[in-house]
Amino acid sequence: MLHRPSLRKTVFRRQIAPPTDIILYGTSEKNSDFLDRPGKTVIQYGKNAGGTDLTFRSPQAPKFHQRTLALRALTALLLLFLAGFLLFSSRRQDAAVSRSGFYFDTAVVLTGYGKRAETALDRGIELCERYENLLSRTKEGSDLWKINHAAGQAVEVDEETAALISRALDYASLTGGLIDPTIAPLEDLWNFTGSPAGPVPEDSAISELLAHVDYTSVIVEGNTVRLKDPKAQLDLGFIAKGYIADRLKELFLQEGLSSALIDLGGNVLAVGAKPGADGFSVGIRRPFGSRYDALRVLSLDDRSLVSSGTYERGFEENGIWYHHILNPFTGYPARTNLAQVTILSDSSAQGDALSTACFLLGADAGLDLMESIPDAEALFVLEDGSVLQTEGFPAS
């Protein structure tokens with residue numbers, strides 16, 4: 001059953017917007033202020049200059065009673081100190097710790113909570129470095145770079161690289177080639193990442209490169225990868241960030257970090273929930289609206305949220321907006337009735353691939369696909385601003 005919720009939503013605003021289509025709420029913490037408050041009574045223990053024990057007594061009270069009062073006061077102060085220390089420790093453990101960097105052509109922000117957060121996040125950044133060295137198409141010496149520059153020769157790669165390429169080919173087969181990891185030459189031709197981006201290529205140039213877009217030309221045998229077409233090139237952009245987010249989550253759990261948020265430029269994955277809350281507040285950006293506006297805000301608990309949209313990257317020429325999601329059959333930006341696709345799932349890699357596939361399929365076929373996939377939900381924003389969603393996609 002499909003729901004068409006009203007577009008009259010409350011707009012959520014932030015002072016600082018991330019450079020993605022996912023808006024993060026409530027992931028930063030202010031440092032707590034712990035003030036020393038002097039007590040009205042100070043009890044001292046020790047000896048005076050003559051070596052006599054110091055005690056505090058009232059002339060009206062017996063000595064043992066004064067000692068009892070002193071012990072009680074000391075005990076009370078000790079309990080107050082311990083309570084304050086435990087409160088301080090608790091707040092320290094609940095405070096957010098973050099690490100950030102620029103990998104996979106996007107801003108990466110890792111946020112964690114708890115005493116294991118710093119070590120786990122440091123290892124997370126190291127893992128991002130590792131995958132940059134394996135899966136980046138532009139970094140010289142990476143596995144993908146070596147495959148793309150091998151002129152059709154077999155290349156031995158890391159086992160994770162080979163496994164991810166095989167997984168990408170599975171999604172290509174599932175969609176009948178609608179998502180194709182060999183589309184890289186066309187992406188370069190369109191120059192979406194240039195400054196300035198564009199221009200629109202000549203039809204003849206597009207046709208020439210279309211002849212080399214064919215996922216069936218990719219051969220994976222063990223840890224060896226070969227492109228049968230020497231002019232073909234691989235790009236795992238439709239699945240790589242999601243895969244890396246899943247691996248980061250595995251690492252954090254192994255490190256004992258059970259509350260964290262992974263943000264890889266539009267791919268957001270929650271590890272557990274935020275301390276003291278039901279989840280992490282994550283907003284879905286309103287297409288073509290301000291970066292500060294959210295179409296919907298979800299509480300994300302141990303799940304992934306991935307969005308793809310026509311507004312993310314592109315350029316305008318002669319009054320026409322050309323976005324970066326290319327149709328591998330035409331070589332041009334896909335023209336469906338969709339402006340945005342958001343996938344809620346357990347696996348970020350799955351959400352990554354499905355968001356691209358659904359966008360290329362269009363609303364009706366995309367929803368048919370989503371209804372056949374368990375444990376995954378979708379929200380589609382059409383070009384006219386109306387909204388379609390699967391039955392299980394949560395409201396704000």
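In case you wondered, yes, glycine gets a Cβ from its N, Cα and C as well.
Taken from TrEMBL, the feature Mg(2+) binding site covers Asp352, Thr356. Of all the Cβ atoms in the protein chains shown, 23 others lie within 10 Å of the Cβ of Thr356 (Mg(2+) binding site).
The feature transmembrane segment is assigned by TrEMBL to 69-88.
Annotation for Asp352 (Mg(2+) binding site): same-chain Cβ neighbours under 8 Å, separated by at least 6 residues, are Phe238, Ile239, Ala240, Lys241, Gly242, Tyr243, Asn267, Val306, Ile343.
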